Amino acid sequence: MARLFSPRPPPSEDLFYETYYSLSQQYPLLILLLVIVLCALVALPAVAWASGRELTSDPSFLTTVLCALGGFSLLLGLASREQQLQRWTRPLSGLIWVALLALGYGFLFTGGVVSAWDQVSFFLFIIFTVYAMLPLGMRDAAAAGVISSLSHLLVLGLYLGWQPESQRALLPQLAANAVLFLCGNVVGAYHKALMERALRATFREALSSLHSRRRLDTEKKHQEHLLLSILPAYLAREMKAEIMARLQAGQRSRPENTNNFHSLYVKRHQGVSVLYADIVGFTRLASECSPKELVLMLNELFGKFDQIAKEHECMRIKILGDCYYCVSGLPLSLPDHAINCVRMGLDMCRAIRKLRVATGVDINMRVGVHSGSVLCGVIGLQKWQYDVWSHDVTLANHMEAGGVPGRVHITGATLALLAGAYAVERADTEHRDPYLRELGEPTYLVIDPRAEEEDEKGTAKGLLSSLEGHTMRPSLLMTRYLESWGAAKPFAHLSHLDSPVSTSTPLPEKAFSPQWSLDRSRTPRGLDDELDTGDAKFFQVIEQLNSQKQWKQSKDFNLLTLYFREKEMEKQYRLSALPAFKYYAACTFLVFLSNFTIQMLVTTRPPALIITYSITFLLFFLLLFVCFSEHLTKCVQKGPKMLHWLPALSVLVATRPGFRVALGTATILLVFTMAIASLLFLPVSSDCLFLASNVSSVTFNASWEMPGSLPLISIPLISIPYSMHCCVLGFLSCSLFLHMSFELKLLLLLLWLVASCSLFLHSHAWLSDCLIARLYQSPSDSRPGVLKEPKLMGAIYFFIFFFTLLVLARQNEYYCRLDFLWKKKLRQEREETETMENLTRLLLENVLPAHVAPQFIGQNRRNEDLYHQSYECVCVLFASVPDFKEFYSESNINHEGLECLRLLNEIIADFDELLSKPKFSGVEKIKTIGSTYMAATGLNATSGQDTQQDSERSCSHLGTMVEFAVALGSKLGVINKHSFNNFRLRVGLNHGPVVAGVIGAQKPQYDIWGNTVNVASRMESTGVLGKIQVTEETARALQSLGYTCYSRGSIKVKGKGELCTYFLNTDLTRTGSPSAS
């Protein structure tokens, strides 16, 4: 009792669930109090009208009802206040329980003769409501139910045990009462256990759904950052839609296209300035760096450039080795795009100048800028990189190549847009770049107004750095200085976004303390500022689970019927399996068994009743056998084959809604029928019939005089009130089928209400009159009270149980549907989350190789440091289509070059499709540079792995690259056939050590660096159309693998001097494999 009135809730598994459970039970509690108040209001005029009495004739009943009306109205007011209810749930529940007990004992000891069967139904109502409608835990509810039962038995046993006239039939009646209370406790506990299980399941589904939503939100943020790190927003949305379509269709490759062309995501923009910048002297410096130093240096340098680009409204396009190029005026047009690029170029030169002065390392910056129009977008299927194409882009590239270190080199078009913002001087380009010399247009060098001041300030620092440089490598000195710039690391945002992803992330307990109302209109000021978005969403979830929501407009449910608004969802709900049906049937059998025991205790057990019960028992055993037949699987398998189908009956019941509804309805009707069996088979005495006809016409006054002495002993009238109690148990049997539809429960309850009231108020009302005549046959007895007459008492309790169970049925229906809805939402969200995760992985693998992506995603993310990896043997391929430069033109016919890029997109996309073939799984696409395709093999090997294996095995992937190059030529031949062109492939191969890494926080980019890469690029640029040119070392490695190579001789290679190169003995213009010796 002390625990029940404690203001603090008992410790529970989950404080979140306690808050949710408290809210879910508020509605049944309010309904219980409302039913009691309404019954008190209706009882007075209804009873007076039904019995033909005046209210003043029964002052005890009138007083008790008025006290109940006042007391429970006060409790209703307290329970309707949400904040107080959450804080004082247990004390208020205890107070209601005590008030119900007091009301029950008030009815028991007022209004006439006290009998053993008196107010048993009301105490049964108390017991059931303690379990089903009061917000108590199972232990508290069980304690209250047992105390209510024992108190009634002990009080009546002690009170009636001293009365000689009551002792003869007292023991069977008390035993019948005990069976009734035991059944009520079991049914109540069973109902509560089912509801709590359903509530907890719904809560867990909702909580899982919340975590899924947060995870989904995180994945969406990942995608947003990943896409925007590769593409502009307008292009990201368009391409994301296509990827989602692929993933939802279960296809990793592109969907079938009716026009046989790959999707082209390229648009033309005018009024754009393009900046190319190259770090002069970096190649020599990089050769002295360790892999970690090289990647750190590049990331810091290009991170600084990205920062400068952002300040001047420029967008970096791509990083090509140590070359950086960007544009201004994309994707939105900017009037000052030329000024933006010039300012950025000057700031880049200043940054490198400061670096040179501070470290003493001889590096410089060469910048070229041109203004015009571009085609911008993405081509290919893999390793997307936003790029720009046009003659103006080519000119900007040559402006950088023909520029002066430390200066910004601009064209006349850019100069015209500067409008005198900067002073310039004429540039001498005759001896620098053939393209510019052939163009014949004048170019200019921008004069930096702050260059002289910075040079003077940096002289002292430069001398100091030069002294330190004598004891420190230039690369190390450079690295240490660049670390002070603090450039962001690639994909650093992923770690910040991952905090809410884990489903085990707890939410703050303060957000769910009972004194905090979940009504957002009452949320304390400043609370929203303290809670993060996830917590606010959890408040919304709790509110959505509130049982009061069933009476409010919902986008998922129909307000009146609770049907799902989506017909397909309603169909799925009704067809869903119900494995727990067998337990519903088993508990209903307990109610049936209780009715049987009660009737055997209080009736004369006529043969017809025994025969009927025997048949009903057989039907029930058959029903239970069908429901639990799956537990006989092992036994049946050992028996004859003709019995192997028996376990399928249980599955049939669980999965077939029609069969299940039929069995459930039949079970309840059996309980209904047998509840009144004793009444139907009650023997009739002519004396009792005579009495009944006279009693009904007697006018009841304060002193009731009976017409003579009548033999009533032969009639077992004591079974009349117990038949009424059995009818009440029949009502309770409907509550056991938790997943039975509300409309069916309504129909069965209404049917049983009409049948019960018809029996007790009409066809068999005379039996109640006989019992009253028996109890009040002495002239000294006062008139019986309203709740002392079985027929009136039964009708009142029938209506009370009818409305109570109807409300519970609607609540059960709401939670069953809500549980189904949350499970469906959770499945959808998990599928969507899985799709989003796959999309994130696909996007990340579109930026990074598959073996590098796990470094930045998943639970073992290691992006605290820059990713870098050195390899001893990597084969690098450069494959270009030089003829495309001549093919490309800009005219109205080809939409200013757009149709030319459409063909290039087909070429690159067909090349990309080769990567999905298993034989080329080891080939990694690095990037495309115009019409040049760069790829590498050997990057999926771990560092140092090559040195631990023999040379032949370590370079075996060179053969894969050769096969890939031949496949590229075959693909190009097919495109030539369909496009009526004669493009030819020029390929350069080289193998050796490289450094791989990821650089750039704004647009992370995976790249490889080293002499091997530079020489491979030279092998392509100095190669011959239709041939694969390789270095001498690579030729020897290929010959060891069985390929035939022949010498081309010595050629002059920029930056390398004279090199002896070889051609692979194959023709890329024909489909086939290279010849092998």
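Just so it is clear, glycine is given a Cβ too, placed from its N, Cα and C backbone atoms.
Relative to the membrane, Pro28 and Cys289 are listed by Swiss-Prot as lying on one and the same side. Listed by Swiss-Prot as binding Mg(2+) 2 are Asp278, Ile279; the candidate from Asp322, Asp336 that the record includes in that site is Asp322. Residue with Swiss-Prot feature N-linked glycosylation site, selected from Asn595, Asn701: Asn701. Where the transmembrane segment (170-190) meets the stretches 61-80, 120-138, 583-604, 608-630, 718-738, the count of C-beta pairs under 8 angstroms peaks at 583-604. If you measure from the Cα atom of Ile1008 (ATP binding site) to that of Asp322 (Mg(2+) 1 binding site), you get 11 Å.
Asp278 (Mg(2+) 1 binding site) is 9 Å away from Leu320 (ATP binding site) when you measure Cα to Cα.
If you look at the transmembrane segment (661-684) against the transmembrane segment (94-117), you find fewer than three C-beta pairs under 8 angstroms, all six or more positions apart, and that falls short of contact. Of the candidate ranges 61-80, 120-138, 608-630, 718-738, 793-809, 793-809 contributes the most Cβ pairs within a distance under 8 Å of the transmembrane segment (746-766). When Cβ distances are compared across the two stretches, the transmembrane segment (718-738) makes contact with the transmembrane segment (583-604), since 3 or more pairs at least 6 residues apart fall below 8 angstroms. Arg366 (ATP binding site) sits 5 Å from Asp278 (Mg(2+) 1 binding site), taking the Cα positions as reference. Asp322 (Mg(2+) 1 binding site) has Gly281 as its nearest neighbour among the binding-site residues Gly281, Val1015, Arg1018, going by CA to CA distance. Of the ranges 61-80, 583-604, 608-630, 793-809, the one with the most Cβ pairs under 8 Å to the transmembrane segment (120-138) is 793-809.
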